[in-house]
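Working notes, structure below.
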Amino acid sequence: MTHQDQLHRYLFEDYAVRGELVSLQETYRQVLGQHNYPPAVKTLLGELLVATSLLTATLKFTSEITVQLQGDGPLRLAVINGDDRQNMRGLACINGDIADDATLAQMVGNGYLVITLTPAEGERYQGVVGLEGPRLADCLENYFLQSEQLPTRLFIRTGEYQGEVAAAGLLLQVLPGQDAHADDFDHLAQLTATVKGDELFALPANDVLYRLYHQDNVTVYPAQSVQFLCTCSRQRCADALMTLGEQELHDMLEQDGEVDMHCDFCGSHYRFDADAIADLQQQAAQGYSPQA
């Protein structure tokens with residue numbers, strides 16, 4: 001069967017608990033792109049991608065979420081950015097050797113998990129928690145406990161399906177303002193923990209959910225597509241260039257004959273020669289914003 005990158009929300013009718021399931025392959029492949037990341041970093045980016053998708057699905061308004069790991073280890077930064085429409089992009093910055101089987105702590109060192117919520121309207125919110133668990137899922141569960149005080153469990157799997165990278169996961173969370181019995185939540189978490197990566201990668205979401213919860217009353221909502229989408233553009237690059245001084249632009253052109261701006265998220269190049277720079281400067285002087 002053809003794999004589709006999708007997220008499903010579901011609700012346990014007899015408990016005050018909601019769930020989400022996401023399975024990703026093409027989006028994951030595009031995030032990795034042409035980067036030659038070590039295996040451990042590829043795995044971690046897959047986990048971050050799944051986590052970001054699951055977190056954006058909890059939002060009730062138009063916004064973006066950025067989930068990033070940063071520290072003093074050889075993996076300086078790993079970040080995934082997503083929005084409520086399930087558009088995803090991400091990258092990693094490496095400064096040192098990383099073993100194929102490196103743990104989260106070995107990669108990041110002394111570091112933090114930073115989650116930034118940027119709503120279309122209103123103030124930006126940023127939460128920071130230490131890396132107090134051996135897995136990314138542990139750190140995220142700790143974030144929810146500290147920031148939202150909502151019992152939350154994440155179950156993330158990465159691997160391969162039909163020869164391509166694959167990542168998937170589930171989220172369980174007590175509904176805000178509701179009192180779910182701890183025993184009920186633990187029961188659902190124990191069931192969910194039995195899921196295997198191969199099941200999540202290969203089976204339709206309804207089949208996975210039936211296997212896990214066939215004795216419970218579960219409502220599954222329509223799927224939402226997940227896709228890689230980079231927000232870079234020629235216009236954004238042009239606007240950035242116009243923040244530079246005239247001498248700095250002159251020096252860049254004199255050295256290379258053009259300004260080549262590269263997007264690390266998607267690999268796109270935006271090139272501006274001397275004539276293009278002159279046009280931008282003239283437009284800026286006239287108060288005109290360049291178009292993509």
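Using N, Cα and C of the backbone, Cβ positions are placed for all residues, glycine too.
The DSSP secondary structure for Cys230 (disulfide bond) is coil. Residues or ranges marked as disulfide bond by Swiss-Prot on the basis of sequence analysis: Cys230-Cys232 (among others).
When other Cβ atoms within 10 Å of the Cβ of Cys266 (disulfide bond) are tallied across all protein chains shown, the result is 17. Feature annotation from Swiss-Prot assigns disulfide bond to Cys263-Cys266 (among others); the stated evidence is sequence analysis.
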| said: Is it possible to get the count of other C-beta atoms within 10 angstroms of the C-beta of Cys263 (disulfide bond)? | reply: 17
| task | Measuring CB to CB from Cys232 (disulfide bond), give everything in the same chain under 8 Å that is also at least six residues away in sequence. | result | Cys263, Phe265, Cys266, Ser268, Tyr270
